[in-house]
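Q: Sharing a structure, written as structure tokens. Questions coming.
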Amino acid sequence: MGNGGWSGRRLSRGKMMDATSMKNMEKELLCPVCQEMYKQPLVLPCAHNVCQACARELLGQQGYIGPGGDPSSEPTSPASTPSTRSPRLSRRTLPKPDRLDRLLKSGFGTYPGRKRGALHPQVIMFPCPACQGDVELGERGLAGLFRNLTLERVVERYRQSVSAGGAIPCQLCKPPPLDATKGCTECRATFCNECFKLFHPWGTQKAQHEPTLPTLSFRPKGLMCPDHKEEVTHYCKTCQRLVCQLCRVRRTHGGHKITPVLSAYQALKDKLTKSLTYILGNQDTVQTQICELEETVRHTEVSGQQAKEEVSQLVRGLGAVLDEKRASLLQAIEECQQERLARLSAQIQEHRSLLDGSGLVGYAQEVLKETDQPCFVQAAKQLHNRIARATEALQTFRPAAGSSFRHCQLDVGREMKLLTELNFLQVPEAPVIDTQRTFAYDQIFLCWRLPPHSPPAWHYTIEFRRTDAPAQPGPARWQRREEVRGTSALLENPDTGSVYVLRVRGCNKAGYGEYSEDVHLHTPPAPVLHFFLDGRWGASRERLAISKDQRAVRSVPGLPLLLAAERLLTGCHLSVDVVLGDVAVTQGRSYWACAVDPASYLVKVGVGLESKLQESFQGAPDVISPRYDPDSGHDSGAEDATVEASPPFAFLTIGMGKILLGSGASSNAGLTGRDGPAVSCTVPLPPRLGICLDYERGRVSFLDAVSFRGLLECPLDCSGPVCPAFCFIGGGAVQLQEPVGTKPERKVTIGGFAKLD
């Protein structure tokens, strides 16, 4: 008995929990259109649900008069009175039944712009109220959509839980109705025992109807295909749609991945169960995130109030400044007005003294009565001056001060515009990386700019990472450098032979802006060799001009080349001008880059043994003789040698904007045939050439220094010090790439966290 009581309490507690959970999910069961419980919901192509009646109403508002769904979805039994239907239907004006049945049976309706029998019928677009987007329903409109029977069952269980066990009345009894005990899917009504027997008499076809539990919503026994009215048996993974046997063999799903509905059911149920299990197993995490969100809400309220107070204080400050300025301007006007009034009052008094019998005129009249001549002369002298000034004032009358205050007008157009445009400070827009100035050499030089109308940035944040680094669990980790001033920066100590991805974002008082687009940079395959040009060997000062910083050289064609052009067949000798680097390599791997003028006549860029270079180019070789070939590394007259040795020189020939790739060296650019030696050809000259020397392996590679694409790879005799070399025949110019570290820019160390300004 105790066990029975415990089982009963556990069962009642489970029911209470189910009822509570059902009540908490009410918002999931509301139609987004009518905000009421779903009634005969349809599944839209965007996976959202909407009531069938609401869908019809929305299509009617769009100007469509057409299918609303399955005509059998509405109750047609005598028990389907207006009181048992949804209260929404009483507020809608639906098409006439005969007209609606005709439209639904035809599979599609008529609508503006559609002609009957058109070869290309219009596709119906439905405005989804959930995702606010237009979804395509196809030609059949709502008639081609599935009913969400599962959602209907959930809604029914929810209503039963809310009603707290309330009985469903019989729909056929006279008032007051008895409690319903049975339901009939075929009749689409609920019955008490007596009414069920009355409407299902023995010996009739209705007697074969199977009774069900009483319900307020009747659904078909199974999900039917809206196109062929057959039960769905398969699921199309390509279309993500349930299909029947007829749909499966139609060309519409030809070549699609179709599986039995049981397999789709089991797979989807496993996924949903797994996801739900994960969520239920991380309830502590959910609760922690809820607390974090609630804390964020509180901080948002506090921050919003602080922002309001700051704005109010700033506006009050502007008002105080305006009040102070107004007081000072009014004071200036008042002082100017008082000064003018004083001057005008004095002028009025002077003119009043000129009236007959008063003031100066009266005094003058009395002086004229004086008969004593000496006394008259004494008094009239000063009086005459005053009368003369008064007479002149009458003749040239002009007010002592003007009445206009135009000089006190204010031009507040600019200030009004500024006040009108007064707005909250915006974050900087995403910077634009200058790919023409951004490159990687011994260091990475990054340059960027803000868009023209972007708010200013106080400083920038640079993020970078290696894309070819070993994969680590979790998201890709970026290295970050904060508070970078200016619009360029140096990233020091990058790894050689790597690919870096970089991005930048600006920051000001409003916060951080968006990141720029990622830029990928290839670092050199070996450490960069720093050297200067040394023209002491094989260089003629008349034809070669080396820059002051010893990083550029230019060859000027002289008289010998002109003579060679005139007497080419007479055995004229042309001298080859050679410039060597002042640093020799004796170990490891080294890399350097240079730019060759595309207008150069003939330039050879490469490396060689220092002793052999000095020995070979001290004189003036005969470039017409077939025995001379700088690329071969030896005299071509020694072709009968039986022992193959690595040449002491390795040069890349450049001329007139082209690179000559000969047959004597293997190429990484795909120039070597499978069945024979490589064929001589030319390729365009890149903006910069890269040379990579591997001393231990005795190999030298020529690269495109921009894309690091291999151009040529040659063997080299590395039995002694090897140095860079540049040969000129005719006019030409070479510019060594300047190390990035010499630029006066901000430096950021990649290997550590030190930042140098």
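Positions of Cβ are set from backbone N, Cα and C atoms, glycine also.
These figures come from a predicted structure and were not determined experimentally.
Annotations per TrEMBL:
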type: COMPBIAS; residues: 71-87; note: compositional bias 'Low complexity'
type: COMPBIAS; residues: 628-637; note: compositional bias 'Basic and acidic residues'
type: DOMAIN; residues: 220-261; note: domain 'B box-type'
type: DOMAIN; residues: 368-425; note: domain 'COS'
type: DOMAIN; residues: 427-526; note: domain 'Fibronectin type-III'
type: DOMAIN; residues: 511-745; note: domain 'B30.2/SPRY'
type: REGION; residues: 65-97; note: region 'Disordered'
type: REGION; residues: 621-641; note: region 'Disordered'
Q: Over the domain 'COS' (368-425), what is the model's mean pLDDT?
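A: A mean pLDDT of 83 is what the predicted model shows over the domain 'COS' (368-425).
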Q: Do you know the DSSP helix, strand and coil residue counts for the domain 'COS' (368-425)?
A: 35 helix, 0 strand, 23 coil
Q: As a quick check of your reading of DSSP, tell me how many residues in the domain 'Fibronectin type-III' (427-526) are helical, how many are strand and how many are coil.
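A: Going by DSSP assignments, the domain 'Fibronectin type-III' (427-526) contains 0 helix, 45 strand, 55 coil.
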Q: Which residue counts does DSSP yield for the domain 'B box-type' (220-261) in the helix, strand and coil classes, in that order?
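A: Secondary-structure breakdown of the domain 'B box-type' (220-261): 9 helix, 11 strand, 22 coil.
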